[in-house]
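Worksheet: one structure, shown below.
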């Protein structure tokens, strides 16, 4: 029962975390944020997680671990609910409308227009009012909700794995954890699919007449119903917390209980000495360094890959999320499951498992080198890279004025 409950909790938290990644571009447009602000919001989860992770992992083994996991799931549900509820405290989304000049769409700004002459070319430009203000600091609640979700995640992973290690047979523990991680990988898959579905829905769905919406999901101004997925995720996390309230603190019928309890008490005798011993173990320290390098690169790729696909290949947010979920993550799930199966079948030791991990990771990095041979041309931009109404300077003028006004705003 514990494996089943923990698997669903892992699935729910992974789905929520992936949905955050898939809705990055929607949140960025809705709140008029820069990429640095988006990165700060995304990193708030790790900020909240790191604040309590060491303490919860160390002292949690002395308490009722299933109930701590249940409380963590409730905190994650509250964080997701806070993030999604932000939508209801904001006004309706008002996207910029195009200004007809000579029958063609020149600018998306509806303020006054100025006339400038560059190299004898008569062009229309916008004033500094074209640079929109953020208009709302409501994104702070998304930051806080994501941080609260990070705090709630702290007991789930370490205490769940330690519970399995304490009360499962030694030869079965790697297989159980591999099954757990495999089910977890289904969470990102469904998270991207949920993000794809919500990105197709207009942000104010149910509040406005959709027939009056003149833009489509392929439009750069489109904002999907980013908030809807957070409400769904909150419900899943709330449900995942229920079974843990009824699970026992320990399994006394197993012979391993007394041994595990004694080891836990010895470990809890001193936090700093325990940490020193761990960091002094070469195998553990190398694994820790490898994990830091792997996740440092993985998080950046995972966060901004969908946005890159939208901008570089002209894909809608819905299609980008769909492709990420369907093509990438199932392969990762198969790899995790096979790794656990191989370790159980051949009874690999910790050192042998680390060697297998090193060999497969090195092969993966060699395959990634093929990406350096791929080259994608930039998309044509009217008035910037290609001629627009006989002029190749219109877009450049807009870009220069935008950069100068934005730079003065930052100063």
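Glycine is no exception: its Cβ is also placed from the backbone N, Cα and C atoms.
Note: TrEMBL annotation is automatic and uncurated.
The structure displayed is predicted, hence computed values, not measured ones.
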Of 354-372, 373-391, 392-410, the range TrEMBL labels transmembrane segment: 354-372
Contact set, same chain, for the transmembrane segment (322-342): CB under 8 Å, 6 or more residues outside the stretch: 18, 22, 174-175, 177-179, 181-182, 185-186, 188-193, 195-196, 305-306, 309, 315, 348, 356-357, 360
The transmembrane segment (68-90) versus listed stretches 38-56, 225-246, 354-372: most Cβ pairs under 8 Å: 225-246
Leading stretch by Cβ pairs under 8 Å, where the reference is the transmembrane segment (283-302) and the options are 38-56, 225-246, 354-372: 354-372
Cβ-Cβ under 8 Å with the transmembrane segment (38-56): same-chain residues at least 6 beyond its ends: 17, 20-21, 24, 27-28, 68, 139, 142-144, 146-151, 153-155, 158-159, 271, 303
Folded-back contacts onto the transmembrane segment (354-372), same chain, C-beta under 8 angstroms, at least six residues removed: 283, 286-287, 290, 294, 335, 339, 342-343, 348
Sequence-remote partners of the transmembrane segment (225-246) [C-beta within less than 8 Å, at least six residues beyond its ends]: 1, 4-5, 8-9, 11-13, 15-16, 19, 22-23, 26-27, 30, 66-67, 69-74, 76-78, 80-81, 83-88, 145, 191, 194-195, 198-199, 201-203, 205
